[in-house]
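Working notes, structure below.
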Amino acid sequence: MVKKVLLINGPNLNLLGTREPEKYGTTSLKDIEQAAQNQATAKQDGSEVLVYQNNTEGFIIDRIHLAKQEGVGFIIINAGAYTHTSVGIRDALLGTAIPFIEVHITNVHQREPFRHQSYLSDKAVAVICGLGVYGYTASVEYALNY
């Protein structure tokens, strides 16, 4: 079982709770991160969830590289808009060979056509989208039992 999970959130996810609440809800990123960390703590087996958010592609790539050195066993990533554009993030995930779940709060397939393309989905262990913030809870549960 995985003991160390990295939860990565990309651009604009720092605005959760206030950004388009009709789409993304009113839960803040801080609340999502705290809930994920509490899930790990509740296992009482030394599991932990590290959290990271950045709006800059290169910093996200650097954080993925660092995860390998830290012994992270699983990544949960909501790459936001970079899902649809970033070969660099895809290559970083593949380069570390750390299994990952792609998560999105909204159902991207019910949105604009450009959001239907993901550079990550075909390499992800799973894709969770459209479950609201519960998608994070489900992802953490899966990752901690991987």
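Placed from the backbone N, Cα and C atoms, the Cβ positions cover glycine too.
Copied from Swiss-Prot, the annotated features are:
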SITE      Arg19  site 'Transition state stabilizer'
ACT_SITE  Tyr24  active site, proton acceptor
BINDING   Asn78, His84, Asp91, Ile105, Thr106, Arg115  substrate binding site
ACT_SITE  His104  active site, proton donor
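Spanning the residues Asn78, His84, Asp91, Ile105, Thr106, Arg115 that the record associates with binding substrate, the maximal Cα-Cα distance equals 24 Å. Looking only at other Cβ atoms within 10 Å, the busiest spot among the recorded positions Arg19, Arg115 turns out to be Arg115. Here the C-alpha separation of Arg115 (substrate binding site) and His104 (active site, proton donor) works out to 11 Å. Taking the Cβ of Thr106 (substrate binding site) as centre and 10 Å as the limit, one finds 17 other Cβ atoms among all the protein chains shown. Each residue contributes its Cα atom, and for Asn78 (substrate binding site) and His104 (active site, proton donor) those atoms are 6 Å apart. For Asp91 (substrate binding site), other Cβ atoms within 10 Å of its Cβ number 13.
Taking Cβ-Cβ distances under 8 Å and a sequence separation of 6 or more, the neighbours of Tyr24 (active site, proton acceptor) in its chain are Leu16, Ile105, Thr106. A separation of roughly 15 Å, to the nearest angstrom, links the Cα atoms of Arg19 (site 'Transition state stabilizer') and the residue listed as 'active site, proton donor'.
Of the recorded residues, His84 (substrate binding site) and His104 (active site, proton donor) place their C-alpha atoms 12 Å from one another. Once Cβ contacts within 10 Å are tallied over all protein chains shown, the recorded positions His84, His104 are led by His104.
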